[in-house]
C-alpha cells in the first residue's frame, strides 16, 4: 500500500508540473520556428516582387525577352561589370535558396523561377539612369544568370580574316541578348584539335533555348584542315568571314608585328622577293592571307555559300549598323544592335560601342586597335594592288559581291588604321 500511495502522489503532483513545462516549451519552440518560417517567406517574396505583384510561374520567357529587347538598344554593359554583378547575384540567389530548403514546395517554386529567369542570361545591357528599384532588381537577376543553361558546340563561327575587323564584329554581336560568345580565340580547329570536342565544348559559355553559341578564330580561314574539321562537327554551321582590302589588311598585319618586334625589316623589304623585278613574295603570310579566293576555294568543298556570310571590313567602319543588320539577318536574329549602339571615335578612327549615360567613357577596342599604319612607298602599294587584282576579281565572282577594292589607290582609305 505504501508503494502504491507514493506512486499516486508522484503521478498526481510532480508530473503535472513537468508536463506543463514540457508542453509550454514545445509551444514556444513551435511559435519560434513558425515566425522564422514566415520571416524567410517574406524575404523570399520581397526579392521577387515585380511591379507590385509576385513573379509567378505564369511569368513567361516572352515577357522577360520583351523587357530586354525594349532596353538593350539604349545601353552596352562592360564585361567587368557583368562579371562583378554575376558573382554578387549568384551569392544572393544561393542565400535565398538555402533559406527556403525547409519547404519542398517553395524549393520547387524557386527552381521553376530560376528556369524562367535564365532565359535572359546573355542580355548585354546595363541599367539606365532612371529605373525603379524593382525594375533594377529584375535586370540584375537576369544578368546574374550567366552560369545557367547548357554548354553547346557553336552554331556559328567567325572564321576570318586576321586584321579584317573580327574583334569589332564579335564585340558588337555580344551586345545582342541572343548571342553568347567566347571572348578569347579558342584556336581549336587549327592548334588544339587533338584535345577533342569535349574540351572545346567546355570553353563555350552556357546558353539557353533560342540563344546562339559563337566563337571567333580568324586563322581558321587560312588553315587547310579547318574546313573539314568544322564540317565533321556540324554540317549546318554558319560561317562569317570579315574581309578587307588585301593591301591595307597586309599593312595592318605588318603594323601589329612591328609593334611587337621593332627590329623586323621594312614592309617594302618583306613584300618583295626582288623589288627591282617587281616579284611579290606571296609566301609571306601577311600577303598570302589576302589571296581570299585561294582560301575560299577549300571552304566551298565542304560548305555552300548559303552558310557563309561575308562582312566588308571597310563598311564595318563607315556603316557598322548596316553591316550588323545583315549579320543579324544571316544568323536569324532580331535586329537589336542598331545605329543607336555606335558612335565614331575620331582618335582611333573607327566606331565604338556606346555605354549608359551614368557610366564611364564609351567602350572602344583596346590599345592594340587603331594604330596608325607606317608610311608605305606609293609604288609598293600600286604594285600590290596590281598583284591582288586578279585574285580579287575571282573572289568577287565566287561570292557574288563586289567589294570595290580597286577604287583604293593608296593607303589613306578608311582602313588605314590597324
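Using the three backbone atoms N, Cα and C, a Cβ is placed for every residue, glycine included.
Just so you know, TrEMBL annotations are computer predictions that nobody has curated.
Here is what TrEMBL says about this protein:
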| type | residues | note |
| --- | --- | --- |
| TRANSMEM | 18-36 | transmembrane segment |
| DOMAIN | 154-389 | domain 'Sulfotransferase' |
| ACT_SITE | 163 | active site, for sulfotransferase activity |
| BINDING | 163, 164, 165, 166, 167, 244, 252, 369, 370, 371, 372, 373 | 3'-phosphoadenylyl sulfate binding site |
| DISULFID | 352-364 | disulfide bond |
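Here the domain 'Sulfotransferase' (154-389) has a mean pLDDT of 92 out of 100. Local packing around the recorded positions 163, 167 was summarised as the count of other Cβ atoms within 10 Å of each Cβ; on this measure the leading residue is 163. Per Cα geometry, 165 is the residue among the recorded positions 163, 165, 252, 372 nearest to residue 352 (disulfide bond). Counting Cβ atoms from all protein chains shown, residue 252 (3'-phosphoadenylyl sulfate binding site) has 26 others lying within 10 Å of its own Cβ. All chains included, 22 other C-beta atoms sit within 10 angstroms of the C-beta of residue 352 (disulfide bond). Its own atom aside, the Cβ of residue 165 (3'-phosphoadenylyl sulfate binding site) has 29 Cβ atoms within 10 angstroms in the protein chains shown. You'll find the Cα of residue 252 (3'-phosphoadenylyl sulfate binding site) roughly 6 Å from the Cα of the residue listed as 'active site, for sulfotransferase activity'. Residue 372 (3'-phosphoadenylyl sulfate binding site) is surrounded by 11 other CB atoms, counting those within 10 A of its CB over all protein chains shown.
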